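Trainee: Sharing the record's features from TrEMBL:
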type    : residues                   : note
BINDING : A:Cys63, A:Cys66, A:Cys416 : Ni(2+) binding site
BINDING : A:Cys66, A:Cys419          : Fe cation binding site
BINDING : A:Ile370, A:His422         : Mg(2+) binding site
Amino acid sequence: MHNLDLSLSDISKIEGKASCDIKIRHGKVEDVKFSISEFKRFYTRAIKGKDIVALPQLTCRICGTCSNAHLLCAIKACEKILDIHVSEQTVKLRRLLNFGLLIRDHALHLYIFVMPDFFGHDSILEFKEDDSLEHKFLHDAFQVKAVGNHLSIAVGGRSVHAPYAVVGGFTRLPNGEELKKCSDELSGLRNTVIDLIKLFKEKDKTLIRPDLQFAALLDSEYSFLDGEIYHSKGRERAGKYGDNLEYVSIPYSHASGFRFKGKTYMTGALARLNLGKDKLHPKTRQSLNSILDLFPSNNIYHNNLAQAIEILHCLDSAADIIKNFVIKEEKPLPINRKAGTGAGVIEAPRGILYYRLSVDGGGKVIKGEIVVPTGQNQIGIEESIRLYLENNLTKFKEKEDLEKEIESIVRAYDPCMSCASHFLKTRYS
Amino acid sequence: MKKLRIGWFSFSCCEDSTIIFTELLNEHFAQWRKLLDIRAMLVLQKKEDMTSLDVAFVEGAVTSRDQSDKLKLIRNRAKKLVAIGSCACIGMPSAQRNLFNAETKAEIEAILTRFKYSEKVLKLSEVVPIDDQVPGCPMNEKIFLNILDKYLKEFKIDA
């Protein structure tokens, strides 16, 4: 392609709105602008003056896709400020709630957003019932998504904006029968998910980013909710995460970008697998031995494969928790409002989610800062598109083929635009 | 066989009702495949055919002139328009900035100007007439299913 002005205004099969503008002159990539085109809803301004107890149910409305991750991260920041240490039972229930989210959310991305590309369709709705492979994956999609959904509903009361999870614990507890049913469903889908992993191992494309750094919150159980920040150069305390982020203003995008310790980095499933594959559930590791040898990987498309592997880890981990789980009656811990500042850090499906909140003596929010995974990956997405174009421009004769390829690169990051465009400029020193 | 031609559109919101719709597909896909012709739904497909819709389901509040124009176009192309979820029905929580005090409004002014935001965030009925609404944050699934059934009958789509 010699000269080209390409404006992709609405990238499909992602969460929310994003666009990409490309300028090619005399066979050279002159400009690439990846931008998040969701309008801001100014949550970090809107939470000022709100009571700390009400905050998690408000900020989970930042995103319908990863809502329960926002809920859990906000709760964690609030509990840090209030010096609340929840019961072992609450820790387990929160993990189950998050496993449900991860299973549903990764399955939505892999089966509904990415898989149509593998079979040459625009949408999973076009999968043919009379093609055995398409029929299988079409039905697997709904089964796997449903089991994540059921787990979230059993524990949190709803798969989106879960009402039972609050500061201090849970307002309503699941019964053993509901959990047992979930456990049977989880265990019954292992082979289905292994088929998904094998498909992505075979079909994932290649785009190597040799210079890319990674960052992830990890603990010994790969729980997504606790641990330290591991990154390409070492590890450090999770609460300090925000101190290492460099805010980058992107004038053409509704959302801000970030660098970690001055470098472009990636957060999400690929980062977690690269930095913590040895911490996956033992049963998952045993089932996927040779596939795990592909990690660490600098192929950004392996973010898809990593998500598929994480679904299996979530199935195994959730089934393990439920196996000997006897629910005992308990109420959320009492809350004594006081002034303070606290950070919450968790792994949302798409990567590190960071909340830092300050409240006054009456428990009212004075200031809130929220850093979401897609904001952190935004610069990396643009750089990946540019790298791909610089190395492959001669391949494309038709504009439409190039558009498809760019969409698939964006999709590999599984970005979430609703999350990314929620706030006003945040600065870290 | 005749199908109900529908479109699903999202404006400013968290897209929680889109997620609920994709979850409803888990249970209803086999049935809806025979009944629904999904002509526009960016989360599921790239193709968008808005030439003639029976029902447009619209989620989110309206926060810019471009969104307002798109909503009017959807209204023009669809026989029925259903507001989906809290932001579409009542504007909140996406309309939070309408309630900001002068100091906070001044803080966000530069962004509003740069990206051509409207002065106020509007619920759908402040921009176009709506035929039905599904309240809830996320949308109430039962009400959505009832409204869908109602239109399947009204447009004489055989179940």
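Each Cβ is built from the backbone N, Cα and C atoms, and glycine gets one as well.
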Trainee: Give me the Cα-Cα distance between A:Cys66 (Ni(2+) binding site) and A:Ile370 (Mg(2+) binding site), rounded to a whole Å.
Mentor: 14
Trainee: What subset of the binding-site residues A:Cys63, A:Cys66, A:Ile370, A:Cys416 has a Cβ sitting under 8 Å from a Cβ of chain B?
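Mentor: Only A:Cys63 pass the 8 Å Cβ test.
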Trainee: Rounded to a whole number, how many Å is the Cα of A:Cys63 (Ni(2+) binding site) away from the Cα of A:Ile370 (Mg(2+) binding site)?
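Mentor: Given the Cα positions, A:Cys63 (Ni(2+) binding site) is 13 Å from A:Ile370 (Mg(2+) binding site).
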Trainee: Return only the integer: C-alpha distance in Å from A:Cys416 (Ni(2+) binding site) to A:Ile370 (Mg(2+) binding site).
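Mentor: Distance between the two Cα atoms comes out at 14 Å.
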Trainee: A:Ile370 (Mg(2+) binding site) has how many other Cβ neighbours within 10 Å of its own Cβ?
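Mentor: Result for A:Ile370 (Mg(2+) binding site): 24 other Cβ atoms within 10 Å.
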Trainee: Can you count the other CB atoms that lie within 10 A of the CB of A:Cys66 (Ni(2+) binding site)?
Mentor: 30
Trainee: By the DSSP assignment reduced to helix, strand and coil, which category contains A:Cys63 (Ni(2+) binding site)?
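Mentor: For A:Cys63 (Ni(2+) binding site) - judged by DSSP and reduced to three states - the answer is coil.
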